[in-house]
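Undergrad: If you look up TrEMBL, you'll see A:102 marked as active site, schiff-base intermediate with DXP. Look at TrEMBL and you will find A:163, A:190, A:191, A:212, A:213 tagged as 1-deoxy-D-xylulose 5-phosphate binding site. Feature annotation from TrEMBL assigns domain 'Thiazole synthase ThiG' to A:11-255.
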């Protein structure tokens with residue numbers, strides 16, 4: 001029997017047509033944010049929580065996001081301890097009325113690298129509390145395996161440090177994770193800058209990409225969002241179509257039979 | 001009683017619940033509340049009485065990546 005969802009993105013048993021998850025931060029204006037999100041074709045948008053007296057936190061922003069009609073994925077950005085991420089996840093669940101959480105626990109300020117040890121501990125706690133955890137993690141195979149062992153159905157290894165736009169800096173690691181965890185939904189999260197980076201992630205067999213700065217920081221965020229939308233479609237189609245094997249030696253594509261002036265030694 | 005509300009030192013003259021303090025500060029929904037780093041569900045705000053030196057965080061939706 002054909003699985004009707006086989007060509008959709010599976011996140012904890014919910015299915016989505018778009019393989020692009022988009023962030024809501026850093027846009028030049030709220031209007032451009034809305035237009036870019038729409039242009040991206042994304043089904044899922046990331047959000048966060050901050051003190052109410054901080055700039056632009058509150059009902060106005062939340063209303064704009066609700067108007068998109070998209071599924072919301074709250075994050076725990078900026079947290080540096082297990083207690084902080086657990087508390088913020090619990091607060092997100094109440095405000096956003098979802099048990100999804102993009103679990104982000106920073107271990108180093110220089111490159112905003114996730115703390116793998118705290119991430120495992122926090123993931124274990126939150127999964128037991130009924131959260132559907134989408135951990136933002138490094139591209140370490142064993143860490144990804146341990147997260148999967150805990151019950152994570154979705155893993156989000158980085159392509160590069162957040163906001164760098166460097167693309168996939170370690171394709172070997174990303175490929176290995178894909179090979180070793182064929183059942184998990186894998187999303188490259190962070191570090192992308194170009195549509196070709198997203199395309200490459202999908203070509204590697206990743207199920208989706210999550211990005212923000214690459215679109216919000218572009219000269220024309222609305223157009224760039226559309227470009228990424230096309231890129232993930234191309235990458236996915238390329239993966240499903242199964243690329244030709246790479247070779248070390250050239251092989252002519254034009255038939256040699258009937259070639260005039262054929263050199264016969 | 002001296003408290004911290006979203007990082008700001010505040011003083012309340014009589015014992016008040018978290019709910020009363022949040023209302024008096026003019027907080028607008030949607031928000032979620034933590035007391036001393038622990039989440040307090042909205043259903044428990046009226047029953048929770050902060051103590052001297054406690055820290056209250058009231059968080060609302062914001063852009064995220």
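Cβ atoms here come from the backbone N, Cα and C positions, even for glycine.
Context for these features, please: burial, neighbours, distances.
TA: Every protein chain shown contributes to the tally, and the Cβ of residue A:102 (active site, schiff-base intermediate with DXP) ends up with 28 other Cβ atoms within 10 Å. In three-state terms derived from DSSP, residue A:102 (active site, schiff-base intermediate with DXP) belongs to an extended strand segment.
The Cβ of residue A:212 (1-deoxy-D-xylulose 5-phosphate binding site) lies under 8 Å from the Cβ of A:22, A:23, A:24, A:25, A:26, A:46, each on the same chain and at least six residues away in sequence.
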Undergrad: State the Cα to Cα distance, in Å, between residue A:190 (1-deoxy-D-xylulose 5-phosphate binding site) and residue A:102 (active site, schiff-base intermediate with DXP), rounded to an integer.
TA: 12
Undergrad: Tell me the Cβ contacts of residue A:213 (1-deoxy-D-xylulose 5-phosphate binding site) under 8 Å, same chain only and six or more apart in sequence, or just say none.
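TA: Residue A:213 (1-deoxy-D-xylulose 5-phosphate binding site) has long-range Cβ partners A:23, A:26, A:162, A:163, A:165, A:193.
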Undergrad: When DSSP is mapped onto helix/strand/coil, what comes out for residue A:212 (1-deoxy-D-xylulose 5-phosphate binding site)?
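TA: The residue in question, residue A:212 (1-deoxy-D-xylulose 5-phosphate binding site), is coil (DSSP, three-state).
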Undergrad: Of these binding-site residues, A:163, A:191, which scores lowest on Cβ atoms within 10 Å?
TA: A:163
Undergrad: Around the C-beta of residue A:190 (1-deoxy-D-xylulose 5-phosphate binding site), how many further C-beta atoms are within 10 angstroms, looking at every protein chain?
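TA: Cβ-Cβ neighbours of residue A:190 (1-deoxy-D-xylulose 5-phosphate binding site) within 10 Å number 26.
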Undergrad: Would you mind reading off the Cα separation of residue A:191 (1-deoxy-D-xylulose 5-phosphate binding site) from residue A:102 (active site, schiff-base intermediate with DXP), to the nearest angstrom?
TA: 16
